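*Asks:* So that we are looking at the same thing, I have put the structure below in structure tokens.
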Amino acid sequence: MKDYVGAHMSIAGGIHNAPERGVKAGCGVIQLFTQNTNQWRGKLISDPDILLFKEKLAESGLNEVISHDIYLINLASAPGEIRDKSLNGFQEEMIRCSRLGIGKIVMHPGSHNGDGEEVGLRRIIEAFDYLIAETPAYSGKILLETTAGQGTNLGYTFEHLRTIIEGSAHPDRFGVCYDTCHTFAAGYDITSAAAYGQVWEEFDRIIGLDRLQCFHFNDSKKGLNCRIDRHEHIGKGAIGATAFSLIMNDPRFAGIPKILETPKGDNNEMDEINLKLLRDMVKQR
């Protein structure tokens, strides 16, 4: 059976290093940034480096690689410099992923910055309609990540994500990345079997389980509905181990990537520890 548990990996020294780092940590899948996250414009990845990445990925045996866009991008921003840079930045991400052979990009929907949720959501829809139409090179999925709802961030309700998907001229191009910390902080409780069942019934009714393409596995330093995004090691936070065990043993999610974004530790040892903890939760059938 293929393994779909993994973690976010650094691309320090070149993007081709990420697959090997993932294997060393014990990953079956990895997530990565395709560029420096503190810069609007990424360094051009040369054709030889693209080829090297693909060779290293093939050698690694990893089952999937997922990209995460840079945090500077805000597709809900008002017309102006930030919106222009966001559109250019996301288009560059789409093109890089096309060249790398990466078929899923995780992204935070954006912040309306006081202009209101309806306005912000409309801007996101318009941005994606433009990006998808103008970037035919990328044929993969865009995964809208659930958010904690800090400040004016959008995406903290399932309804927000549905609005973006259904409002788009290209609804088939979207999936969802369910971040356990973010959704818990936004008020979605999966800490007991009963609550877990209710949340997934709601997700299926509003968005559809077929849209779920990825998990970000993070416990939360803060409590339910706190609207604060603070990641903690698996089982060490306010969510607790039960929720992660429920997901790990849910046959509906067996083939969906589950990506750790928890603290790495002084020597990157914590990914291996958290991955083992998750795999040990799986009950033998």
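Cβ atoms here come from the backbone N, Cα and C positions, even for glycine.
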*Asks:* Which of these, His16, His108, His231, does Swiss-Prot list as part of the Zn(2+) 1 site with His68, Glu145?
*Replies:* His108
*Asks:* With Glu145, Asp179, His216 listed by Swiss-Prot as Zn(2+) 2-binding, which of these, Glu92, Glu93, Glu261, Glu269, is given for the same site?
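*Replies:* Of Glu92, Glu93, Glu261, Glu269, Glu261 joins Glu145, Asp179, His216 in the Zn(2+) 2 site that Swiss-Prot records.
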*Asks:* What is the set of residues, excluding Glu145, Asp179, His216, Glu261, whose C-beta falls within 8 angstroms of the centroid of the C-beta atoms at the Zn(2+) 2 site?
*Replies:* Val106, Thr146, Cys177, Tyr178, Thr180, Cys181, His182, Phe215, Phe217, Asn218, Ile259
*Asks:* Just to be sure I understand the packing, how many Cβ atoms besides its own are within 10 Å of the Cβ of Glu145 (Zn(2+) 1 binding site)?
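*Replies:* Other Cβ atoms within 10 Å of Glu145 (Zn(2+) 1 binding site): 20.
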*Asks:* Inside 10 Å of the Cβ of His216 (Zn(2+) 2 binding site), count up the other Cβ atoms and send me the figure.
*Replies:* 24
